[in-house]
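Below: one structure, written as structure tokens.
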């Protein structure tokens, strides 16, 4: 029922966001609440299992979208940030991950007028993060017009309890976002602009635009490989098919890898391409020890062994 976003822990455990209901996007289980799955990528055979949500969040209206993990270096506490769309609103839920009990312990819900159409987030502290808004307007009709007219109205917002502000703008449709391994740079996708934008993160959390890397497709969520710093993304070769779903002509899938993104000549490679016969509407790709999981907006996930 979807694997829209995947967040990987250093030990190989991965969180999967499943069951997203999004306006004008296909759902194979429209009445089934969303859930967060856990899978151990160290296993030879992968077995995703749903995590229990503690009291504090309404499981019946849980509608998870983007995910991000923050690990407290002092005590190893794992915080999971979840973009949640109950009744098509935009909230950020913060959980503490209890690995022994396989439970997400609810800590806090964040809502703010600047976080009105959140797609993806990257956590930078126990209660702070960068978030992308994929639309400026609130109504479905106006959101359609934004895309039809090619308006560059979407943005990136920085949030902390004492500081909330726009830090990047001018996106056709801001989408995936990630942070470099050295924590010095932020990468943000412009979905319909076909770019991955690179920003320097300043000491006051502002962002300075450095460059835009053309990926020649509609990139979605981002994953930064821990060892190499390579950026992986799931992508939509034909975004129109995602929003106008047809069984006989389903949306295809791509996995893109960007190497040396900070160099003068980044290398953009299509690692996987499919016309929808195997996997549809790919949104994310995560690598761990030569294993690749490809997630989708509303369909299944695909597990591959890399050469």
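Including glycine, each Cβ sits where the backbone N, Cα and C put it.
Per TrEMBL, the features are:
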type	residues	note
BINDING	4, 5, 67, 119, 175, 220, 221	Ca(2+) binding site
ACT_SITE	65	active site, proton acceptor
CARBOHYD	275	N-linked glycosylation site
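Features recorded in TrEMBL, as mapped to the structure shown.
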{"residue": "4", "record": "Ca(2+) binding site", "Cβ within 10 Å": "30"}
{"residue": "5", "record": "Ca(2+) binding site", "Cβ within 10 Å": "32"}
{"residue": "65", "record": "active site, proton acceptor", "Cβ within 10 Å": "25"}
{"residue": "67", "record": "Ca(2+) binding site", "Cβ within 10 Å": "24"}
{"residue": "119", "record": "Ca(2+) binding site", "Cβ within 10 Å": "27"}
{"residue": "175", "record": "Ca(2+) binding site", "Cβ within 10 Å": "27"}
{"residue": "220", "record": "Ca(2+) binding site", "Cβ within 10 Å": "29"}
{"residue": "221", "record": "Ca(2+) binding site", "Cβ within 10 Å": "30"}
{"residue": "275", "record": "N-linked glycosylation site", "Cβ within 10 Å": "14"}
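Distance from the CA of residue 65 (active site, proton acceptor) to the CA of residue 5 (Ca(2+) binding site) is 7 Å. Note: the CA-CA distance between residue 67 (Ca(2+) binding site) and residue 275 (N-linked glycosylation site) rounds to 27 Å. Among the recorded positions 4, 65, 119, 175, 220, 221, not one has its Cα within 10 Å of the Cα of residue 275 (N-linked glycosylation site).
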